[in-house]
Amino acid sequence: KKFDEIKKANQAAAKKLVEDQFSSSSEDDDEDEVKQGKILAKTFTIYASQMDGGANELERTRQYMNEAFQSGAMTCLICIASVKRNQAVWSCCGCYCIFHLVCIQKWAKDSLFLVSSPLTDDDFGKKDYPWPCPKCRFEYKRSETPSRYYCYCGKVENPPLDPWLVPHSCGQICEKEFKPSCGHKCLLLCHPGPCPPCPKMVTTTCHCKKAKPVPRRCSAKEWSCCLPCGRTLLCGQHSCENPCHAGDCQPCPRVSKQRCICGRQTAERLCASPQWQCDQVCGKPLPCGNHVCERVCHAGPCGDCPRSGKRSCPCEKTKFTLPCTEDVPTCGDSCDKVLECGIHKCSQRCHRGPCEICRQEVEKQCRCGKHTKRMPCHKPYLCETKCTKIRDCQKHQCRRKCCPGNCPPCDQVCGRTLGCRNHKCPSGCHRGSCNPCPETVDVKCNCGKTVIKVPCGRERTIKPPKCKQLCSRPPTCHHSTQEKHYCHFGRCPPCRQPCQKTLTCSHLCPVPCHDEALVKQTGLHQSAGPWEQPSEPVFIQTALPCPPCEVPIPVECLGQHEVSPLPCHSASPYSCKRFCGRLLDCQNHTCTKECHHVTKLNSSADGKKAGPECLQCEEECTKPRPPGCPHRCVLPCHPGDCPSCLQMLKIKCHCKLSMLYIECL
């Protein structure tokens, strides 16, 4: 009884602990999954009716909606925090990533400030600089900076929180134009992510227009009949042999002999490129009769001689009319061409070839404007003064020699720790907050077979994915295999298989496994007084011994009166509390002792005969006396007939005159 009481108390405590740790969370998750399935089914109802009951093309949109429902799955990449149902959000129209509204407003403000405020920009405040999405870098104008919280479809401002709608959704039909535009609108309820393909039915023909029009989905209205195209190619000689296709036909793939532009050479070339040039100089005589055409393979006439007509001298001040066989002489005037410095002119006489460098000495100012020096005009002047201005990062000095003021961007690496706390900023040194960490981290289940990707830094707070694989850990009890259950973190649930250990009686233990039972520890800490709060009970995991065997065993009582089933652990001869009932040696009475053990003196003895442990009969003989004998039997209770009565009687004769003394028999 004591063992049973302890066992029941331990089982109750262990059951409560297991339910608190496993059952409650799993039930909540199951309820959430059922609720989520109902919401998704409601969202896809209109679309599925257009898809003849199927929603095979909704997988990408369904993935975004699943992430919207999962706790902690939607993460703001700017602050690396979860996006909750009751928070104002903004969704990028390029990558559909969701951010907190206040985070994206701060991001846009910082981006515009960093892009539009270089130190020496003359157009400061005049240009409409764009700001990029933190994830896909899609650019938005300054006027497109979000200022209000709208639902996904943009119809409702500040959509109310509804537990039976997709988070941040208004619950109305989306009605966005499909991309690419087909004239139809999205039929889903207001949803995150891209709109699915258009499900409408249209009648359309194939690319080559040979097949009859057939009804098809608007999102897949372009189709191929797979027959040869047959359109005439650009070469004008062959037709397209490719299967029915979209767009222009490919260039003709055949090879043919074709002449070059000048017609001197013939070569095998692709039919798609009939015009080609050989590498021979034309060489035909020009109209002047003195020169030949120096152009490489060309079409049409060669034209006039380039040396005919009026020609200028090298300084282009005087023109001469000379035969094409004579060179133009120099005019003798000063050259006066502007030199490379852009300030002075060439002082040499008219000459052929390039002008010399400017050698005139001038008072030159260095690039930064702090020093002057007299030196040749063609030489640049750079002083040794280092610039002390702060670069656009507002941290480091320029330190460039003779800097004109347009200091370059800082060339040092930022190196600040990003919001994920795992990586450092690889960008150049900059002002403001760093970009979000672009890395993603795999969050795995305990066995590693189920993986989800989350932004770097969220792996510490997001729940591991639910794994549908069975737990592969070895059992911690004496069983060779454990009960089937799904992959999990922490300790495996208690083993509920039958113990099946062999007991001392050779039976198997039928109770649930008790190798790792939770036992409450008591009496470890004595309270100092009534003011001290009682501590939580402490449970330790320990192996309990097998309980006594309860297998029923038929056992005969001591007096062999009955056979009763008794628990194996207490299966021993017992007293049935009846009278013994065995026939005593007197053969007249039975043993009146309570059921007891009887020793058999020999194996052939009768099972109903009294043994040495039975009572001894102490009664008087009660057998009937012979007729006429008034005396009792002189023996105690005995077996068989009584002995003859030997009592002496005094008897008178018939006449009453004489008295005789005779034995009673």
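Placed from the backbone N, Cα and C atoms, the Cβ positions cover glycine too.
TrEMBL lists 182-200, 235-254, 288-307, 341-360, 368-389, 393-412, 420-439, 477-497, 586-619, 629-647 with the feature domain 'NF-X1-type'.
On the 0 to 100 pLDDT scale, the domain 'NF-X1-type' (629-647) averages 85 in this prediction. It is 368-389 that, among the stretches 288-307, 368-389, 393-412, 420-439, forms the most Cβ pairs under 8 Å with the domain 'NF-X1-type' (341-360). Between the domain 'NF-X1-type' (393-412) and the domain 'NF-X1-type' (420-439), the number of CB pairs under 8 angstroms, six or more residues apart, is three or more, so the stretches are in contact.
Cβ atoms under 8 Å from those of the domain 'NF-X1-type' (477-497) belong to residues 14, 18, 21-22, 445-447, 449-450, 464, 466-471, 512-513, 515-518 of the same chain, restricted to positions at least 6 beyond its ends. When Cβ-Cβ distances below 8 Å are used as the criterion, the domain 'NF-X1-type' (288-307) is approached by residues 260-262, 264, 277-282, 324-325 of the same chain, each at least six residues removed from its ends. Counting residue by residue with DSSP, the domain 'NF-X1-type' (341-360) contains 0 helix, 2 strand, 18 coil. Long-range Cβ contacts of the domain 'NF-X1-type' (368-389) within its own chain (Cβ-Cβ under 8 Å, at least 6 residues beyond either end) map to 119, 340-341, 343-344, 357-362, 397-405, 407.
Secondary structure counts, DSSP: the domain 'NF-X1-type' (368-389) has 0 helix, 6 strand, 16 coil. Mapped onto DSSP helix, strand and coil, the domain 'NF-X1-type' (288-307) counts 0 helix, 2 strand, 18 coil. Remark: secondary structure over the domain 'NF-X1-type' (235-254) totals 0 helix, 2 strand, 18 coil, with classes taken from DSSP.
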